[in-house]
Amino acid sequence: MAAEDVVATGADPSDLESGGLLHEIFTSPLNLLLLGLCIFLLYKIVRGDQPAASGDSDDDEPPPLPRLKRRDFTPAELRRFDGVQDPRILMAINGKVFDVTKGRKFYGPEGPYGVFAGRDASRGLATFCLDKEALKDEYDDLSDLTAAQQETLSDWESQFTFKYHHVGKLLKEGEEPTVYSDEEEPKDESARKND
């Protein structure tokens, strides 16, 4: 009966016997694409579970730094934490100082927002300006920002409060630093740990 089907369809019996299926797979571009995709996915499934050998990647992150104790900073003290002089990266936003070290790719020396590292980034974030000249070296009271810029700054502050460790506040000239106890942790951070 199989021979009758071959004769009825007009196919050459030698084509079916000599790898007709393989011939069809390798002559159709769509089938080749699907075969390549299957091989790639199989490779990723099998190879993806194996950890990369140490030293293979240039993107190796340095080991995480210990959590910084809460303290307050003057603008001059903050400048040291730019990722170059000190491996830790701190930024001030709206008077609050955040440890953004885990965001080194963004805020580190080579990152797109590296200009803000070790500085009060409030004015730059509020005005969407990445120029170093827009940032002040002394305490910036931000009194000249518009209502829209203040709202933008508040949004940035909320994002940083949610994502990064709040380590203290930025001190005005002549302002005394707050003395924090070792057990003290802000309410927003303890709530974040419960998530």
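Placement of Cβ uses the backbone N, Cα and C atoms for every residue, glycine included.
According to Swiss-Prot, the protein carries these features:
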| type | residues | note |
| --- | --- | --- |
| TOPO_DOM | 44-195 | topological domain 'Cytoplasmic' |
| REGION | 51-71 | region 'Disordered' |
| MOD_RES | S54 | phosphoserine |
| MOD_RES | S57 | phosphoserine |
| DOMAIN | 72-171 | domain 'Cytochrome b5 heme-binding' |
| MOD_RES | T74 | phosphothreonine |
| BINDING | Y113 | heme binding site |
| REGION | 173-195 | region 'Disordered' |
| MOD_RES | S181 | phosphoserine |
Of T74, Y113, S181 (the recorded positions), the residue whose Cβ has the fewest other Cβ atoms within 10 Å: S181
Rounded Cα separation (Å) that holds between S181 (phosphoserine) and T74 (phosphothreonine): 20
Overall pLDDT for the topological domain 'Cytoplasmic' (44-195), taken as the rounded mean: 84
Distance, the residue listed as 'phosphothreonine' to Y113 (heme binding site) (CA atoms, angstrom): 21
